[in-house]
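Let me begin by presenting the structure, written as structure tokens, before commenting on it.
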Amino acid sequence: ANRGALEAALSKSGALEELEDAPKSLLLVLAFEMLLGSGVTGGGQLKRRLKAFEAEMRKHLPANLMEKVGKEGLGAHARFLRVNTLLTSDAEVIRRLKGDESAWKLEIDDDIPHLLQLKPLPDNDKDFRVAVRGLATGDLVQSGQAVLQDKASCFSAQALLQDGWGFAGGADVIDACAAPGNKTTHAAALLQEWWASLEASAKETIAATPKVLAFDKDAERANVLRQRISQLCGHRASATKTTKTTKTTKTTKAKKGASKQAIAVNVVAEGIEGDFLTLDPSDDRFAGVRGILLDPSCSGSGMRRRDEGADSSARADMKRIRALSAFQSKALAHALSFPQAHRVVYSTCSVHPEENEDVVAEVLSAKREEWKLVECLNNWERRGTSTSKGCQAQLSDRETGCLVRAAPEDGTHGFFVACFQRVGTAPLYAGPEWRPPAAAVQDSADLKRATKRKAQTSEEATGSMTTAGEAADDAVNARRGAHKRKSRSAEARRARKRRKRGLMKKQTEPEKE
């Protein structure tokens, strides 16, 4: 019924006819988020085109649809908020969110550093959506201190930089298809955190301060990219007609509305209008490039939610998917042709193996002497699947296990990640060990206790109290969780020490290509 109402609104407003070149299923997702969800934070050109019909679509929505959706719980899935460490800290963002515990339950994510999860409280979906919409338009997000970004979308930069970074002669990163810039700025934040953790002697082995070169071939999207970099890195944008480049450079002045804490940003991010596929890999501009993020155009099938029906894959336009797959394979092969690149992360927001495992298998089959797949996001359980029946190339069980998939069952959008490492190379320096700061943990605990008290009050009103045994189990589980986290931290420290001991010799030796 809700799908039918959205289809009717799209049709009667004229959007369906005007945007006939776009997949109907994707239009439904964008319309749902725009009209009934927390707003569309991505979407690019299609979002802007659909936005022109928003007022007209609202006229054709049933008056009681918002209330109905709230009762059914559609769209009231958890939201993720990435703390932008270029401008503020985890503790500061959590402190500012503390006053809204009546609208959501806040948790610190276990898989991605500096990521917060906002969950709807039971029977409170409508208030949750309203609160998230307010968050999207409020100062915390608009000032760039926090980014509403799906968890799976954070996988790409995390996979690239998860176990450290830095190679002799360079540490630069290319974001190949970058607009609107969330992955670009996430990579810049992780690079900055890594760079700040290095000793001066270690920095001398890297040719220069790392930078992120972010490309988009569309002029309008490149402009959006430059604006996003400026907003999230806290500087005014500057561009020249010759290079069409925006740089964010060192600053200690916080943006208006940002945290009062002064944060020095050394890493440079550049938004560049240009087609990645036309770049010359041997260009001197890319001599320091050691990593590439490639998130090319895809079907967007992972953006669909459960409520759209189980047969969405059967209805997919396979002709379009095959054309996308050919483009994706070409882009990935080009990324792997950069002679100085040591790591390439390929990702899509598609669920189709033709755009994921098939692309990886076909490109890797011609590159196995130079490149290999490496495991990433080691604690994430959902892994790759087999290639499609029409794919000529195959992946080994080990290679399939290196691939990462995310699905709505994980509380995220559908997503796919593959991490390629050049044979014979490894990062020189481990990344900083991340753990939630004490203030953040305390604030998060306060929020959880407040939520628990509210739930207990509700249960008492209905005569259903939490038993002492359940409370004891909760305490035991909490201690076990703390012990596991402590063990992982200790293991990470030991691994970092082993890596440093093993790689100290490499710092004075020429790097093998």
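Cβ coordinates come from backbone N, Cα and C, glycine included.
Sequence annotations record features per position, and here TrEMBL assigns domain 'SAM-dependent MTase RsmB/NOP-type' to 69-423.
If you look up TrEMBL, you'll see C177, A178, A179, P180, G181, N182, K183, D216, D295 marked as S-adenosyl-L-methionine binding site. Neighbour list (K183 (S-adenosyl-L-methionine binding site), Cβ cut-off 8 Å, at least 6 residues apart, same chain): S153, S156, A157, D175, L293, D295.
Look at TrEMBL and you will find C349 tagged as active site, nucleophile. In sequence order, A152, S153, C298, G300, S301, G302, M303, H413, G414, F415, F416 are the residues near C349 (active site, nucleophile), counting only same-chain partners six or more apart with C-beta under 8 A. Annotation note: C349 (active site, nucleophile) sits in a coil segment as assigned by DSSP.
If you look up TrEMBL, you'll see 431-513 marked as region 'Disordered'.
The annotation compositional bias 'Polar residues' is assigned in TrEMBL to 458-467.
Look at TrEMBL and you will find 494-504 tagged as compositional bias 'Basic residues'.
Cβ proximity to the S-adenosyl-L-methionine site centre (mean Cβ of C177, A178, A179, P180, G181, N182, K183, D216, D295, cutoff 8 Å) flags the following additional same-chain residues: D175, T184, A214, R221, L225.
Looking at C177, A179, the binding-site residues in this record, the fewest other C-beta atoms within 10 angstroms of the C-beta turn up around C177. Pairwise Cα distances among C177, A178, A179, P180, G181, N182, K183, D216, D295, which the record gives as the binders of S-adenosyl-L-methionine, peak at 13 Å.
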